[in-house]
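A.B. asks: Let me begin by handing over the structure; questions about it come next.
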């Protein structure tokens, strides 16, 4: 396994700083049993009256479902550990756990559902909108592109291979629209949008600002629909998140340009603006830029952090559905932060160099990682080939910076 060899490499075994209590998202007594509150919400609460030891002799932590262990494990330095023993279980749960509730997620431009499992874990379901080999037309603006379920799956694995580990776990899943959405939804607005198409397939379209109409309905075959299932982060009432506007955000306008597109010295003013004026925030943003360039994602207008950790923490790379839309074109403008700032973390640079060498070729290790997903193949072959070509362009840009 090339993937196992990559993760065993010394560059993937650099220790993170010691995690103190203040560095954990949640401070939990591992002996304490957790129960679910009955306030109508699906939040877990500490049950102080519960037995501290369960009769089996196991500590209570052993009895937590995988999603809860994932939440409890989040700390200042990483969303999940490199050699995470939970990861196979989390991915399996996302792909196979029985769905007991499906409701539409509010907000956002396109249809997404929140699905709940019997163990109270929840996932964000993004349905399939286009086939693996369809490319985004070159005449499309980035902001009107489809969100792709397979891009969400591939982005999670790519982010892990780059050793960022800033995207929550995602698995592909085949969902039965009738039994796992229509028959169990309590969402009245969503329920009104189901119909049977002329071809006899079950379809629905939900309510949203883009692509939620009969013309853009999601149809099963006859009721089987592919989608991505992403593990939800802890509820914002339990772990507040802060949303930050990216300094290199695009204009989201058909003819206006953003300031960074007009001012080649734009990075100098970013470096003087909090939170980019100290710490590693700018370098973290450049990591995200590299991830976005590799998958061709132009839609990174915001990113988030956990509020508890202030500025000294990783960035969450959420919403990656507009990646992997084109393989025949490399959108160099995505690399503007790297190009204008000429800065990159040494650790990131060394890993990128490693992923450009034959034993660990980026396309090969990602292909291997994606082969384990229930919906494999996740990416059409030209997208995998494009990764190696784009990686060479990132390394070339760093080389020019070093020579500059």
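Backbone N, Cα and C atoms are what each Cβ position is placed from, and that goes for glycine too.
Note that the coordinates shown come from a computational prediction; the quantities given were computed from them, not determined experimentally.
Here's the feature list from TrEMBL:
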- 110, 126, 147, 230, 231, 232, 233, 304, 319: ATP binding site (BINDING)
- 147, 319: Mn(2+) binding site (BINDING)
- 194-402: domain 'FAM20 C-terminal' (DOMAIN)
- 299: active site (ACT_SITE)
A.B. asks: Output, ordered by sequence, the same-chain residues six or more apart from residue 233 (ATP binding site) with a CB under 8 Å from its CB, or 'none'.
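C.D. replies: Residues satisfying the criterion: 71, 168, 239, 241, 316.
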A.B. asks: With every protein chain in view, how many other Cβ atoms are within 10 Å of the Cβ of residue 319 (ATP binding site)?
C.D. replies: 23
A.B. asks: Just how many other Cβ atoms lie inside 10 Å of the Cβ on residue 299 (active site)?
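C.D. replies: 20, counting other Cβ atoms within 10 Å of residue 299 (active site).
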A.B. asks: What same-chain residues, at least 6 away in sequence, bring their CB to under 8 Å of the CB of residue 147 (ATP binding site)?
C.D. replies: 110, 126, 129, 321, 322
A.B. asks: I'd like the number of other C-beta atoms within 10 A of the C-beta of residue 231 (ATP binding site), please.
C.D. replies: 23
A.B. asks: What's the number of neighbouring CB atoms sitting within 10 A of the CB on residue 110 (ATP binding site)?
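C.D. replies: Cβ-Cβ neighbours of residue 110 (ATP binding site) within 10 Å number 20.
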A.B. asks: Between residue 299 (active site) and residue 231 (ATP binding site), find the distance joining the two CA atoms and give it rounded to the nearest Å.
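C.D. replies: On Cα coordinates alone, these residues lie 21 Å apart.
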